[in-house]
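These features come from Swiss-Prot:
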TOPO_DOM  1-39  topological domain 'Extracellular'
COMPBIAS  1-20  compositional bias 'Basic and acidic residues'
REGION    1-31  region 'Disordered'
TRANSMEM  40-60  transmembrane segment
LIPID     Cys52  S-palmitoyl cysteine
LIPID     Cys53  S-palmitoyl cysteine
TOPO_DOM  61-88  topological domain 'Cytoplasmic'
LIPID     Cys86  S-palmitoyl cysteine
TRANSMEM  89-109  transmembrane segment
TOPO_DOM  110-134  topological domain 'Extracellular'
Amino acid sequence: MDTSYPREDPRAPSSRKADAAAHTALSMGTPGPTPRDHMLWSVFSTMYLNLCCLGFLALVHSVKARDQKMAGNLEAARQYGSKAKCYNILAAMWTLVPPLLLLGLVVTGALHLSKLAKDSAAFFSTKFDEEDYN
């Protein structure tokens, strides 16, 4: 048996393969900010601003956004988070704007009635003479 030439271990990788594998770079893109799920805002909307179940819809989309974020699907999480934000804004507007408009109408109506009452009191306190009827 001739053992004069060096033998290579068949299980050991060659130096060329090791160098190529050691310097391989993968470009994954720049990681952006994690998408927001607006969970706390959705819970608040569900508890206090749940007109037409918009707060509940916001909560459902917030849970879906959190699930997608945990699963690693950031684009779907961003979409669900955006929908949750829109439903939270709608729930807040539909719950807070009508009472504020009603309050504004009551205040302006009260001011108008007080002016009208003052003018009518001045009208009825006027004393007419006999000459005014002739």
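Cβ coordinates are placed from backbone N, Cα and C, and glycine is handled just like the others.
Features per Swiss-Prot, on structure.
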residue : record               : Cβ contacts under 8 Å, 6 or more apart
Cys52   : S-palmitoyl cysteine : Trp94
Cys53   : S-palmitoyl cysteine : none
Cys86   : S-palmitoyl cysteine : none
Please list the DSSP helix, strand and coil residue counts for the topological domain 'Extracellular' (110-134). 19 helix, 0 strand, 6 coil
When DSSP states are grouped into helix, strand and coil, how many residues of the topological domain 'Cytoplasmic' (61-88) land in each? 26 helix, 0 strand, 2 coil
